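Positions annotated as heme b binding site by Swiss-Prot: HIS63, HIS92. Residues annotated as domain 'Globin' in Swiss-Prot, with sequence analysis given as evidence: 2-146. According to Swiss-Prot, the phosphoserine annotation covers SER44. The N6-acetyllysine annotation in Swiss-Prot covers LYS59, LYS82, LYS144 and rests on similarity to another entry. Look at Swiss-Prot and you will find CYS93 tagged as S-nitrosocysteine, backed by similarity to another entry.
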Amino acid sequence: GFLTAEEKGLVNGLWGKVNVDEVGGEALGRLLVVYPWTQRFFQSFGDLSSADAIMGNSKVKAHGKKVLNSFSDGLKNIDDLKGAFAKLSELHCDKLHVDPENFRLLGNVLVCVLAHHFGHEFNPQVQAAFQKVVAGVANALAHKYH
């Protein structure tokens, strides 16, 4: 696998403490605020007119929860991310035509949210391990493009 045993331990140790539903909504919300062009995929979600509207939007929260639960499932298959995300890759790439760069942006936003939630515990070693994971997931999701 692309993660060492130690890195897997760091990732799983922190992930066990993550409130997946809450963090998912926050990460997707921040993506839409920080990178406004990503909003075009979410036009059916209602009010995205301001940061407050986005962060409070129940559809954004619900989809964020879904996204992070999928990410969570992916962590259980960390040595076969391409397999774990094959169906989602097909949906997002073939059917929704999402630019794979957006998966990378969301991964980086997720890292920011985790740093914000966990403070000192999200030390450089933990961050390095998570950056590898989000890059791996983004690559797996972009797999259909290659």
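Cβ coordinates come from backbone N, Cα and C, glycine included.
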Rounded Cα separation (Å) that holds between LYS59 (N6-acetyllysine) and the residue listed as 'phosphoserine': 9
Residue among recorded positions SER44, LYS59, HIS63 with least C-beta crowding, 10 angstrom cut-off: SER44
Averaged pLDDT score, the domain 'Globin' (2-146): 86
Residue distribution over DSSP helix, strand and coil in the domain 'Globin' (2-146): 120 helix, 0 strand, 25 coil
Alpha-carbon distance [HIS63 (heme b binding site); SER44 (phosphoserine)] in Å: 12
